[in-house]
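For A:87, the entry in TrEMBL reads active site, nucleophile. Per TrEMBL, the feature active site maps to A:195, A:197.
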């Protein structure tokens, strides 16, 4: 699977994401700088990493969402190219308008950094096909601004359309309806606060994150 | 022309920073504080020819996230 990882100044999970994708697909992603304006052709996945792009200035993900490369990412997403945003990547996707809602400061103020239990709410998406519907998985979180917010009408709509991919089992950061990951209407964009790239080999304490990348590879192809 | 843009969380949106400040004020012994909401002040120095529409666009496109925030522009 040909893929790209977007690198923003301040991102610190870009390499983790690249290693995970390379390990699963056998092909190292192209690392694309935020100031570039074009993406490689024929991508099966565009990944937006976690970290603190632009130092989280103004709002988490706000500057990255207006960076030159995001125009190309938005165009690709609208053409149906799969896009995965993890943590800060999720924040960037909401700020860019590719996903509904916004991510606010954690309700408990603390930075949350630990393993959390998630329920797979939709196992039909290109990102979740290797999971069972309703399966409990364990994936780490590490964030300060993971408190998902959207108005009730939006929450009702995304729940009704099966666009909640993952839900926290219990309170983690104050997220509306414990939402941990959201898919767009076309089904090709996923944003999630937990870090699947930090759960891909036994040495990480588990491999629950690995199946996300395996499922993508299977469905998107080599 | 100098502008002051006040960005505030919409009413009803939980403000953990405001809550932390409130708690700290309580800790300092300042009783009687009913509520605290924290926001941002962004100062711009723009060309005098900058029209209202452009200022509004700056606020909506970048300075505020209108899903959760309101903004108010003050001309200094």
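Just so you know, glycine gets a Cβ as well, placed from its N, Cα and C.
TrEMBL entries are annotated by machine, without manual review.
Positions of the features from TrEMBL, shown on the structure.
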residue : record                   : Cβ neighbours (10 Å)
A:87    : active site, nucleophile : 31
A:195   : active site              : 22
A:197   : active site              : 31
- [ ] List the Cα distance (Å, whole number) between the residue listed as 'active site, nucleophile' and residue A:195 (active site).
- [x] 7
